[in-house]
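Enquirer: I have a structure here, written as structure tokens, and I will follow up with some questions on it.
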There are 2 protein chains.
Amino acid sequence: MEFLRFDDASFEAALERIVARGEEPPAGVEDVVGEIIARVRQEGDRALFDYTVRFDGLDLSAATVEVSAEELEEALAEIDDDSRAALQLAADRIEAFHRKQKQESWLSTDEPDMLLGQLVRPLDRVGIYVPGGKASYPSSVLMNALPAKVAGVGEIVMVVPMPKGEINPHVLAAARLAGVDRVFKIGGAQAVAALAFGTESVPRVDKITGPGNIYVATAKKQVFGQVDIDMIAGPSEILVINDGSGDPRHVAADLLSQAEHDELAASILVTTDGAFAAAVKEALAEQLTVLPRREIAERSLANYGAIVVAADLDEAITFSNRIAPEHLELAVADPFAVLPSIRHAGAIFMGHHTPEAAGDYLAGPNHTLPTGGTARFFSPLGVDDFVKKSSLISLSREGLQRIGPAVVTLAELEGLAAHGRSVSIRIDK
Amino acid sequence: MEFLRFDDASFEAALERIVARGEEPPAGVEDVVGEIIARVRQEGDRALFDYTVRFDGLDLSAATVEVSAEELEEALAEIDDDSRAALQLAADRIEAFHRKQKQESWLSTDEPDMLLGQLVRPLDRVGIYVPGGKASYPSSVLMNALPAKVAGVGEIVMVVPMPKGEINPHVLAAARLAGVDRVFKIGGAQAVAALAFGTESVPRVDKITGPGNIYVATAKKQVFGQVDIDMIAGPSEILVINDGSGDPRHVAADLLSQAEHDELAASILVTTDGAFAAAVKEALAEQLTVLPRREIAERSLANYGAIVVAADLDEAITFSNRIAPEHLELAVADPFAVLPSIRHAGAIFMGHHTPEAAGDYLAGPNHTLPTGGTARFFSPLGVDDFVKKSSLISLSREGLQRIGPAVVTLAELEGLAAHGRSVSIRIDK
């Protein structure tokens, strides 16, 4: 845990280490993934099942690769009532939020002799990647499938590895609740390849979303263009801006909720109050002792945690905009006064009663957010990610007559005579 | 030029050749581009100027790399009045269309104890790549810069190579008209690298858009994640659906407007009328004789052109949906009757008076469109490409009290105790 001031000699170096964490995939991953994709593309199911035996210790066939509708139903029935109710509440709230994101098709009649418009339509089929084993999170299923559902996607296909056949019933229950259409027991780069190119058993999709390890992330990047993918996700981070108001124990708890994710997670507090900073540090040490995932959180804090004391709120805000954090908590007395100055953040948590965890699960907005400073240009996963647009142009003869001469002028300017001719042949009558 | 029916034995093979054209970059390009990017990232201006001498024969310095505001002004003054008026009309129409795409930020007050919302805000700075030499198109400047301008992007930076110092005044005039803020005389993978990482002279941007050769496209793909990029663009294509109505010479002119672009362009007609098909073929031969870019168009038609005779409109539409064309002309008597069945297309040109060229220049919609079947999941370039979103969550104490218990349940389910604790520490009072 670094304890820093902006004028420290070591400040830039410490910050650079945090920002650059986990940037490059380990050597060899690109090649391994490239080979897996090429084989699955060429051999289909055979390669897919082969890799699944090798990596997941699970022997599949065309008859067993898919989870049946009955199994999904059973999973939902089998989980305890509290879990089911919480998942249902989350699903309802996430769906309600995402409904507000829907864009409609439009047609403009501003001009008498032409119609211009934009069609907004759902993708035909999407694939959702859900990690297996310990990092197999039902919330991730909801956050990926529900925006696709709201968008009106024709078919939602989910892949989730089941190492040695191990099944997470909550993940299946979430799939059932979110309206996932088909679930396959596959994972890794081979599952991404199967979704991108299709195999005898797995249908080809138009877009692949969802988190995964470095092999999955690399595979998604490699098939990008063949299908669309969601953002390139790196390790997770939280930045808390504080003005000395609020309870240091709450802020410490929020930092730990990020730190427990994995050892590359970054938890940063920037506060204008040195005493608050010290109190958070103390609270962190105290709360760490009772955490089940203490070791992970400790290592994350040691490597990528920082408490920064700023001269004033402006300095803290400038710092935040430079980081462009995935999660930004405005743990200040008047968060709405600070909001206009915040330029980049995946999700913004306002005030002292909005811990990040509320957004991770069921406030409504998506928890798939741009990481590692990419909030400068990427957006939270949402309904827009599951639609595509088409432009619409309809000219009457009069419309073409009106704008045609300028088209011919520009076509000639660019040396594209046939472009001009396709207009002049129609209006030179 | 293939003349095909769906039941031809050779149909699938012919189609496959068209669909697969230009899919893989030539061997070695990835490595060359990777090296250029690494050097520019590390050495900045020195590497940038070094590559510019080597590839463009242009010796630049920090003092000369940028086009001055006066030079932009002069370019606009120097071009002839017709060209200026046509560019201005195009700029006005493109801007008006894209204004309709703007999404607003929103805040939901559906619940008494929380605010949920989505901020939609422009990117800080974007880079627009404009090819140099013969393929240096002013229309491309307008189509890339104006959506960014409408989005409210803080600074629009343009790069355009000027081989041996050759400057296209229309490109500079278009930049001035579109409100481009800075123009740099650089191109190739080195320009993409400079925009992605910044150099002493070139500011780092958040997103890079615009067309380019295989080196530029490969460089964009390699820096994706460091910055955002627009779609991965391949060679251009047009598909015309016809029902025997209209003038075969018009359809031939439209096919040629695509074929003259480059040798990889694909021009496909699918018609239900064999006589119309024959007439188009004849018109193509006739019109080709007068085209300045005849050789390119001929080679494009020979390799990737096709006239397909369909049994009925349904068959033609199914074919079109399979191709997911960049440009789709509905050259039929009642295009609005066909429209609902069209599932994928970058832009749809309705009826007999809407040649693709009108959309290429100034109808209003963007001419940067998804190619090579990617209209299944990519969209035309637009205002959405130049904004990013942030989610907003603001809970009162009561709001957290209301949804908190379910958050704790889900956190426990996922084994993330610190997540649950960040909520329970606030509500267990």
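Keep in mind that glycine also has a Cβ here, set from the backbone N, Cα and C atoms.
Pasting the relevant annotations from TrEMBL:
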type: ACT_SITE; residues: A:Glu326; note: active site, proton acceptor
type: ACT_SITE; residues: A:His327; note: active site, proton acceptor
type: BINDING; residues: A:Tyr129, A:Gln190, A:Asn213; note: NAD(+) binding site
type: BINDING; residues: A:Ser236, A:Gln258, A:His261, A:His327, A:Asp360, A:Glu414, A:His419; note: substrate binding site
type: BINDING; residues: A:Gln258, A:His261, A:Asp360, A:His419; note: Zn(2+) binding site
type: COILED; residues: A:62-89; note: coiled coil
Enquirer: Using the structure shown, find which entry in A:Glu326, A:Asp360, A:Glu414 (the recorded positions) has the sparsest Cβ neighbourhood within 10 Å.
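Expert: Checked A:Glu326, A:Asp360, A:Glu414; of these recorded positions, fewest Cβ neighbours within 10 Å: A:Glu414.
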Enquirer: Which residues of the same chain, at least 6 positions away in sequence, have a Cβ lying under 8 Å from the Cβ of A:His261 (substrate binding site)?
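Expert: A:Pro235, A:Ser236, A:Ile296, A:Ser300 - these are the non-local Cβ neighbours of A:His261 (substrate binding site), listed in sequence order.
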Enquirer: How many Å separate the Cα atoms of A:Gln190 (NAD(+) binding site) and A:Asp360 (substrate binding site)?
Expert: 28
Enquirer: Might you list, by sequence position, any residue in that chain lying six or more from A:Tyr129 (NAD(+) binding site) with a Cβ less than 8 Å away from its Cβ?
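Expert: Listed in sequence order, they are A:Met158, A:Val159, A:Val160, A:Gly187, A:Ala191, A:Val192, A:Leu195, A:Ile208, A:Thr209, A:Gly210, A:Pro211, A:Gly212, A:Val216, A:Lys220.
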Enquirer: Which residues, same chain and not among A:Tyr129, A:Gln190, A:Asn213, have a CB within 8 angstroms of the centroid of the CB atoms at the recorded NAD(+) site?
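Expert: Those within range, site residues removed, are A:Pro131, A:Val159, A:Pro161, A:Gly187, A:Gly188, A:Ala189, A:Ala191, A:Val192, A:Gly212, A:Tyr215, A:Val216, A:Ala219.
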Enquirer: Between A:Asn213 (NAD(+) binding site) and A:His419 (substrate binding site), what C-alpha distance do you get in Å?
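Expert: So the Cα of A:His419 (substrate binding site) lies 48 Å away from that of A:Asn213 (NAD(+) binding site).
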Enquirer: So among the binding-site residues A:Asn213, A:Ser236, A:Gln258, who's got the most Cβ atoms within 10 Å?
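Expert: Output for this query is A:Gln258.
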Enquirer: Using C-alpha atoms only, work out the spacing between A:Glu414 (substrate binding site) and A:Glu326 (active site, proton acceptor) and round it to an integer in Å.
Expert: 44
Enquirer: Would you kindly determine which recorded positions in the set A:Gln190, A:Ser236, A:Glu326 have their Cβ under 8 angstroms from any Cβ of chain B, listing them in sequence order or replying 'none'?
Expert: none
Enquirer: Cα-Cα, whole number of Å: A:Asp360 (substrate binding site) versus A:His327 (active site, proton acceptor)?
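Expert: Spelling it out, the Cα of A:Asp360 (substrate binding site) and the Cα of A:His327 (active site, proton acceptor) are 10 Å apart.
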Enquirer: Just the number: how many Å between the Cα atoms of A:His327 (active site, proton acceptor) and A:Gln258 (substrate binding site)?
Expert: 9
Enquirer: Averaged across the coiled coil (A:62-89), what pLDDT does the model get? Just tell me the whole number, please.
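Expert: So the average pLDDT across the coiled coil (A:62-89) works out to 96.
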Enquirer: Can you check which residue among the recorded positions A:His327, A:His419 has the largest number of Cβ atoms within 10 Å of its own?
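Expert: The most densely surrounded of these recorded positions is A:His419.
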Enquirer: Roughly how many Å lie between the Cα atoms of A:Glu326 (active site, proton acceptor) and A:His419 (substrate binding site), rounded to a whole value?
Expert: 46
Enquirer: When a 10 Å sphere is centred on the Cβ of A:Gln190 (NAD(+) binding site), how many other Cβ atoms does it contain?
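Expert: Summing over all protein chains shown, A:Gln190 (NAD(+) binding site) has 30 other Cβ atoms within 10 Å.
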